[in-house]
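Q: Before we start, here is the structure in question, set down as structure tokens.
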Amino acid sequence: MDKGRERMAAAAAAAAAAAAAAQCRSPRCAAERRGFRRELDSWRHRLMHCVGFESILEGLYGPRLRRDLSLFEDCEPEELTDWSMDEKCSFCNLQREAVSDCIPSLDSSQSTPTEELSSQGQSNTDKIECQAENYLNALFRKKDLPQNCDPNIPLVAQELMKKMIRQFAIEYISKSGKTQENRNGSIGPSIVCKSIQMNQAENSLQEEQEGPLDLTVNRMQEQNTQQGDGVLDLSTKKTSIKSEESSICDPSSENSVAGRLHRNREDYVERSAEFADGLLSKALKDIQSGALDINKAGILYGIPQKTLLLHLEALPAGKPASFKNKTRDFHDSYSYKDSKETCAVLQKVALWARAQAERTEKSKLNLLETSEIKFPTASTYLHQLTLQKMVTQFKEKNESLQYETSNPTVQLKIPQLRVSSVSKSQPDGSGLLDVMYQVSKTSSVLEGSALQKLKNILPKQNKIECSGPVTHSSVDSYFLHGDLSPLCLNSKNGTVDGTSENTEDGLDRKDSKQPRKKRGRYRQYDHEIMEEAIAMVMSGKMSVSKAQGIYGVPHSTLEYKVKERSGTLKTPPKKKLRLPDTGLYNMTDSGTGSCKNSSKPV
């Protein structure tokens, strides 16, 4: 009893497990079930390719089939009284063949264009059926097998076996023909035959007799009959013919499409050239500095190596290669106009300098005799300052246009930490010193009160204390220092702060207090690369982060400069003290008085 109960419990557990497995809805089980279904659906093709068609025929017509059928001898009657060829039964394929053989003779008188197209498809199926019959006959002769089955096999089974073998042969030939055509690059009637066979298997007898024709098969047949058995045509002749026909039908649509394609192509060329200009200049700088070789630069920036080699060969010759596009022509013409204006101003400057040189020829002789260098008047200094400002403004204009359109040919400079005693307005002060140095060499011997006026004109942080008379030995020592003017020579910490014992106005050292040194990576970048990055960000071609990654400049500095130039800073910087640009020759001593009043008293 106990054993029986245990067996019943085990059977119940197995049934429960089977039910649970049947009700399992996990994706893994569902995927496995789908895989099994696919394998069952493709059993015929697997059977033919794995087992082989000849072995299947041997199994069907050989002694194995007779041995298997001998097991069912007692199950069926000896005489078949319930079968006749004219009766309808579940094996209607036999009757469909008999009826379909009569259909062409009945409908031969009534033929339409659609029937002609369908007849082409039927001719292809007839070809495949003939090939299958020939293949079967060849196999039977090769294997020495009788084409007729054993008389002990029932008639229904014989007919089914014949149908099955015939279907196998058709599928085998169509599939083998398809693989051969794929290897040869040609398209044959295998696809059409397969579709026709599927349609014949799915449609019933009434649908074949009364239903409409399947036009999809006819379309496929038309394409295949047009292509024929030749090589597959991969050219664009058909598409060009279609486009020509559509353009003949609708010329307005052709014009609109052509214009749209032309605009898109122009925009793409402009954008790609602009992007390529910026990246190309950066790549050339990296290659020249030795940071990257040509292969790595081409991979990193996406520029072909031939293009990089072409530009590198053009750089030493002084002719940087550039992309040809419409935007470049526009920028070149614009910069050419500005260069004309700059040349005109520079010619005026040259005439003025020549006149000054002629005036000061006599004063130079007096300078050599007295061995003294004295400062010019404030009016001549302001003339020179105005000219310098005008020239620098035109230079900035040209540079702002050229750094977008031209590729910089200079090598990448290693950024250095700049330590100076003045704030960001230091370049103006150094420019003033250079101007004073140039004017002092060519100006006449004038009154000593100009020194007081010049000190009042200069900004407070750039005030300079100078000594009295300068001898020939001190002049020689001045010329040894290329960066400093004879006004002052004190290279402590790289600052321009010349102090001497004989100070005339006794400025406090607290007024010229130096700011603290900047720490970290402050200003450790190339200014030309920074200008290029600012231009790319302001034009909307790159974001700040992308420009930082490509050009290698500080993120905060780049963001600040972009906001400063676009005028979106929350707290804009204070305006610098600028001298009015009133012209070349109408600056007088009265202007110095106004500047003096505007500055703080000494």
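Each residue, glycine too, has its Cβ placed from N, Cα and C.
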Q: With Swiss-Prot open, pick whichever of LYS178, LYS242, LYS517 is annotated SUMO2 cross-link.
A: LYS242
Q: Write down the single range among 355-375, 376-396, 544-564 that appears in Swiss-Prot as DNA-binding region.
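A: DNA-binding region, as annotated by Swiss-Prot, spans 544-564.
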Q: Among LYS238, LYS324, LYS397, LYS575, which is annotated SUMO2 cross-link in Swiss-Prot?
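A: Checking Swiss-Prot against LYS238, LYS324, LYS397, LYS575, the SUMO2 cross-link entry points to LYS397.
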Q: Write down the residue from LYS285, LYS340, LYS413 that Swiss-Prot flags as SUMO2 cross-link.
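A: In Swiss-Prot, LYS340 carries the SUMO2 cross-link label; others show none in the record.
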Q: Quickly jot the same-chain residues contacting the DNA-binding region (544-564) by Cβ under 8 Å, restricted to those at least six beyond its ends, or write none.
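A: Beyond its ends, the DNA-binding region (544-564) has Cβ neighbours at 278-279, 282, 521, 523-525, 529-530, 532-534, 536-538, 572-573.
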Q: Please work out the mean pLDDT for the residues of the domain 'HTH psq-type' (516-568).
A: 85
Q: Run through the domain 'HTH psq-type' (516-568) and tell me, per DSSP, how many residues are helix, strand and coil.
A: 32 helix, 0 strand, 21 coil
